[in-house]
Amino acid sequence: MSSDIDELRREIDIVDVISEYLNLEKVGSNYRTNCPFHPDDTPSFYVSPSKQIFKCFGCGVGGDAIKFVSLYEDISYFEAALELAKRYGKKLDLEKISKDEKVYVALDRVCDFYRESLLKNREASEYVKSRGIDPKVARKFDLGYAPSSEALVKVLKENDLLEAYLETKNLLSPTKGVYRDLFLRRVVIPIKDPRGRVIGFGGRRIVEDKSPKYINSPDSRVFKKGENLFGLYEAKEYIKEEGFAILVEGYFDLLRLFSEGIRNVVAPLGTALTQNQANLLSKFTKKVYILYDGDDAGRKAMKSAIPLLLSAGVEVYPVYLPEGYDPDEFIKEFGKEELRRLINSSGELFETLIKTARENLEEKTREFRYYLGFISDGVRRFALASEFHTKYKVPMEILLMKIEKNSQEKEIKLSFKEKIFLKGLIELKPKIDLEVLNLSPELKELAVNALNGEEHLLPKEVLEYQVDNLEKLFNNILRDLQKSGKKRKKRGLKNVNT
């Protein structure tokens with residue numbers, strides 16, 4: 001259901017609104033002028049009538065008509081909405097504005113705060129530069145920096161958005177009345193939904209310490225990590241133009257490729273690809289190239305992603321980087337054109353399997369059958385099997401025989417603690433010895449799969465399970481399993497000695 005603010009946005013024209021403040025020059029289908037929010041000698045402030053947004057390519061600020069008035073008049077977003085409603089004779093009842101709407105406004109304001117802070121912080125700016133991120137790309141993606149919890153809270157209070165922002169769980173509960181920004185002293189990467197609304201953040205530490213290298217916003221009323229893709233909003237037009245998407249592993253892989261002019265790129269949000277993410281991507285393209293790191297972890301992650309994309313009805317093109325290279329390292333050594341050639345020369349999954357099966361027919365046949373089981377289109381499945389049969393004379397009944405695709409098809413009942421344990425193995429990737437833990441044979445088998453990166457062999461309920469404070473819960477459960485494992489070992493020794 002749309003809110004009063006959604007209706008106001010639809011009923012006012014951004015060109016009319018901004019023209020009341022600035023002299024706009026028509027350029028093609030858009031308008032431009034000097035940016036009022038930073039010293040701007042050459043026009044870098046653009047207004048799009050078709051998208052009803054403004055964007056400055058100098059300082060990075062952007063948004064809708066209401067946000068422009070909010071920034072220009074130095075008033076809150078909601079005060080600006082009331083001002084525009086009054087100016088254009090529209091009714092607006094702030095009491096009826098949904099809680100979600102207020103959360104989106106809060107996230108957008110925090111995004112602005114982070115972006116402005118990056119420009120003022122030399123260390124953070126140098127870090128972004130050191131990663132090979134073009135300044136224009138940094139502005140396009142609204143990269144930022146979290147300098148101070150106190151400064152963030154001050155901005156939120158000034159805009160009457162603190163209560164709304166607390167819904168995101170990005171502010172840690174106050175100690176002695178003081179809130180702590182979850183992303184404090186990190187480079188911040190805004191995560192947007194396909195409509196361009198900021199829904200969460202990723203954070204990358206810029207100093208070497210014991211904290212996690214990357215952190216993400218917790219799941220909240222507007223953000224579900226397993227249901228969104230980083231870069232989709234920025235890349236969707238390029239995906240449409242190119243006819244395919246490139247799936248990479250992480251934030252900076254994507255930003256690096258974007259900086260090199262390869263823009264039809266998306267990434268999961270710091271974790272393995274989920275079925276929901278694959279389904280979302282399939283709405284924008286039916287052809288995906290997987291460009292993961294050229295190491296064991298990257299190969300395993302690719303193997304886990306392929307079935308999810310196939311299940312979503314997508315044609316998959318695995319791209320194999322040389323051993324030990326990630327996309328950034330490959331570009332540095334061989335250049336972006338060589339990467340383009342590698343991508344363009346990568347074959348479709350089944351086409352490649354059929355072409356290379358003779359090298360190891362037994363293994364390739366099983367791999368072919370395994371992936372074939374994820375194709376829901378019966379006609380395509382039969383056609384692929386027929387092609388394999390014609391070339392290698394493997395009986396059709398064997399090729400089409402349903403094989404156990406993964407543990408998602410098994411009836412496995414897992415307790416809350418078992419789900420948390422497996423989820424922790426996937427997300428946190430701890431170095432632990434399973435032999436010292438008190439695990440059932442079934443749970444141990446699943447744990448081995450999780451540690452080996454064989455996530456496609458894990459139950460769907462584990463992969464899609466969402467929980468706050470995962471690390472804390474996992475560590476508590478791990479301690480319990482270690483304690484019970486020691487007790488079991490002692491009992492075993494006692495029985496041997498008696």
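Placed from the backbone N, Cα and C atoms, the Cβ positions cover glycine too.
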Checklist entry - In Swiss-Prot, which of 35-59, 135-159, 410-434, 460-484 is tagged zinc finger? => result 35-59
Checklist outcome for this item: Under a three-state DSSP reduction, the secondary structure at Asp295 (Mg(2+) 2 binding site) is coil
Checklist entry - Cα-Cα separation of Asp295 (Mg(2+) 2 binding site) and Glu249 (Mg(2+) 1 binding site), in Å? => result 12
Checklist outcome for this item: By a 10 Å Cβ neighbour count, the lowest-scoring of the binding-site residues Asp293, Asp295 is Asp295
Checklist entry - Helix, strand, coil residue numbers for the domain 'Toprim' (243-324) per DSSP? => result 33 helix, 18 strand, 31 coil
Checklist outcome for this item: Here the mean pLDDT of the zinc finger (35-59) is 92
Item to check | Helix, strand and coil totals (DSSP H, G, I; E, B; other) for the zinc finger (35-59) | outcome: 0 helix, 8 strand, 17 coil
